[in-house]
Amino acid sequence: MSANIDDVPIEVSKVFDTILVLDFGSQYSHLITRRLREFNVYAEMLPCTQKIAELSWKPKGIILSGGPYSVYAEDAPHVDHDIFKLGVPILGICYGMQELAWINGKGVARGDKREYGPATLNVEDPECALFKGVDHSQVWMSHGDKLHALPTGFKVVATSDNSPFCGISNESEHIYGIQFHPEVTHTVQGKKLLKNFAVDICQAKTNWSMENFIDTEIARIKKLVGPTAEVIGAVSGGVDSTVGAKIMKEAIGDRFHAIYVDNGVMRKNETESVKKTLDEGLGINLTVVDAGDLFLGRLKGVTDPEKKRKIIGNTFIHVFEEEAAKIKPRDGSEIEYLLQGTLYPDVIESISFKGPSQTIKTHHNVGGLLEDMKLKLIEPLRELFKDEVRHLGELLGVPEDLVWRHPFPGPGLAIRVLGEVTKEQVKIAREADAIFIEEIKKAGLYRQISQAFAALLPVKSVGVMGDQRTYEQVIALRAIETLDFMTADWFIFEAAFLKKVASRIVNEVDGVARVTYDITSKPPATVEWE
């Protein structure tokens, strides 16, 4: 797919056939967009309160998500009735189906019993377009309310033991409702059902791919930035900032300026790795700033994790602004844009009907730079999920080991050194972390683990080395498995592996007397210790 600059609109939803997901606050809403994209149909999520008249594009179809409310409650959210004037297919899921019935004036009420968990779907009308090729199978229920009457113009196409209206359809209007959640993996044929809706009923083209995205996004960036404006962006050595920087390089060449700030609390050999990958390997215009002493000086005596985060965030902005001011654009141009590696989950959280979630920890980003430097924001990855960013990185030639690198927090090792952050403490955490990651890679486990690291605890423990009593510090190892980082399970290593890692750390890292392994899931714990 080749994209002409003049023909490319700013919104991705104007480039690709798009299914609009209207979110009523379900914990599963984001999974609907993920499932649709898995079979190459572009989907975008907006809050259920979205005014259809304000859309600048027309969706190929609309999905109403589930939600934790009762449609008959006084404060229940309701969809803009103009969705029915678009003449596009509509699918209501759980609360979404009840919303369709409620709009049609038919009974929705509290069920005799709530239905949470697996249920058996009985397909009553296999000729229904939505259920084409879908057999009697397990589905996932999560509801307390249910339909008590069939809306006018609809017929029953599926049932379950507790839901006589488990699936309803108005074939002439292409409007469908299902009481279960096809977006979760527990619904065995859920993906098939969603594909029936998006591809067969809505006739959406299956042209959403990273190959096509590259062409259209590069053209979009060129159109947005223009022929002379320049862009700056912070890079960290992580996958998001590297992929973002690479696509900017492909779009505008050396008019993109990447700034890497070494804050003194990075991973082992991080700065050298960033130079080698971005500057030498990917040809990105890179400025490296050694500000470790400044950051560590400002962190002196600070033990509170929130204060650490804020000090690092504010110091980063200060250093970044100073370095950006030194960049001298070519004649006739000026720096107008700031690159930020926003991903689609960040967008979803900000636009969800439920609103942004409660802040558990302050997130380290460059948002403050926009106001201070009077820059416009450019976010080339804002439509992508993490797995899509990784695929994009591979297509752009970003090295595989970087594309699949584990996440690293913005405040770096400062929040993995519990207590005061000093050069000596950082060195201990850094060396222990490097050994842990090295052994994980040797064991072929790195891609199976979502994130792994070593944290230095603010306690000391008695030990024996040689014939001498020691009283030194404790390292806690953490490794987790997760799909979305909203919940996570601890990774189960073989005992021999942990024994080897612990032995290496105690023997090779000065100042460590004991190694522990964190077996706490999220929740109740967070991934990081601070």
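Each Cβ is built from the backbone N, Cα and C atoms, and glycine gets one as well.
Of the residues K460, K522, Swiss-Prot puts just one in the XMP site with R309, D467, E528: K522.
Looking only at other Cβ atoms within 10 Å, the busiest spot among the binding-site residues S236, S241, T242 turns out to be T242. Other than S236, G237, G238, V239, D240, S241, T242, the residues of this chain whose Cβ falls within 8 Å of the Cβ centroid of the ATP site are, in sequence order, V235, V243, G244, G341, L402, R405. Within the same chain, the residues at least 6 positions away from K522 (XMP binding site) whose Cβ sits under 8 Å from its Cβ are I480, T482, T487, A488, listed in sequence order. With the fewest other C-beta atoms within 10 Å around its C-beta, D467 stands out among the binding-site residues D467, E528. For S236 (ATP binding site), the nearest of the recorded positions by C-alpha distance turns out to be E528; the candidates were C94, E183, D467, E528.
Max Cα-Cα distance over the annotated XMP binders (R309, D467, K522, E528) is 42 Å. Summarising the environment of G237 (ATP binding site), the number of other Cβ atoms within 10 Å of its Cβ, over all protein chains shown, is 20.
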